[in-house]
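Student: Take a look at the following structure, please.
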Amino acid sequence: MFAYIVRRLLEMIPVLLVISLLVFGFIKLLPGDPARIYAGPDAPIEAVEAAREHLGLNDPLPQQYLHWLTGLVHGDLGITYRTQQPVLSVIKKSFLPTLWLALAGFVWSVILGLLIGVFAALKRGKWQDWSLMSLAVGGISMPPFWLGLLLIQFVAMPFGLFSVSGFNKPTDIILPALTLGASVAAVMARFTRSAFLEVMQEDYVRTARAKGLRQRLIVWKHVMRNALIPVITMLGLQFGFLLGGSIVVESVFNWPGLGWLLIESIKSQDQPVIQALVMLFVFEFILINLLVDLLYAVVNPAIRLR
């Protein structure tokens, strides 16, 4: 297991290098003059040229990339062009709100999605099955921003129970978490149902039924463990989606997280912040995939990671 973890960590290095090169290249293609943004719109040309020299923008592109990559490895993400603050400190302020939002959306959506999926699989072909799956299709089809606007219009504004701007008290997380996790709950419900139905057709499950075992015992002892293996993969992907896909939800609810920070950085053409956030999202997805692979062995000891 230890050798597998080390190998996977080493495999992350070339992937991150390629991604960093692509991110750096695309950022350089963005319109706007970073030196002008750094110096200010009304700064004289001398101040702009001084800012260009200070930021190293006169250096060749390979040298700029190596300088940025070296700083990235050492935790130096540069400074923001707008406020001249360290990028790392700006990201730290926005990371926890996004993490809390992702965890809140993840917990309720996974629990509800698993319960609905298992229940629908056990009621296959009945009205409970098709009604729940129809509801899941609606959850997948509804854009998060539209659901967020509906919750603001018909829940937050009429009753005044929830704030729709910022993160000031614990209850402020409820509506954004519901919005963020709705599609995840729907996806988990459909995926769990499919996984359970597939396992329930296996010979060992039929044998257990033929022996007269109770349905509850068959589900928990024989079906659950094997059906959860593909579900775990989907769990990891969905949590990565919640971390990186909260941009729209954070914009709708003015949530002070990484998604909101990315939108504001794009608007202001703050390239160091954009670069750092994209690399952070990529690293999160890679790390989550590694954790998912490790969870396989926990759910099913028969799986051996070599």
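Every residue gets a Cβ built from N, Cα and C, even glycine.
TrEMBL entries are annotated by machine, without manual review.
According to TrEMBL:
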DOMAIN    95-292  domain 'ABC transmembrane type-1'
TRANSMEM  12-30  transmembrane segment
TRANSMEM  99-122  transmembrane segment
TRANSMEM  134-161  transmembrane segment
TRANSMEM  173-191  transmembrane segment
TRANSMEM  227-253  transmembrane segment
TRANSMEM  273-299  transmembrane segment
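Relative to the rest of the structure, where do these features sit?
Tutor: Within the chain carrying the transmembrane segment (173-191), a Cβ under 8 angstroms from the stretch's Cβ atoms is held by residues 100-102, 104-106, 108-110, 112-114, 116-117, 120, 132-133, 135-140, 142, 144, 147-148, 151-152, 155-156, 162, 164, 167, 230-231, 234-235, 238, 241-242, 245-246, 249-250, 252-253, 255, all 6 or more beyond its ends.
Sequence-distant contacts of the transmembrane segment (227-253) (same chain, six or more residues past either end, CB-CB distance under 8 Å): 98-99, 101-102, 105-106, 109-110, 114, 143-145, 148-149, 152, 164-165, 175-176, 179-181, 184, 187-188, 191-192, 195-196, 198-199, 259-260, 262-263, 281, 284-285, 288-289, 291-292, 295-296, 299-300, 303.
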Student: With a Cβ cut-off under 8 Å, give me the same-chain residues at least six positions beyond the ends of the transmembrane segment (273-299) that come close to it.
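Tutor: Distant contacts of the transmembrane segment (273-299): 1, 5, 8-9, 12, 15-16, 19-20, 23-24, 27, 68, 72, 77-78, 80, 87-88, 90-91, 225, 228-229, 232-233, 235-237, 239-240, 243-244, 258, 261-262, 265-266, 305.
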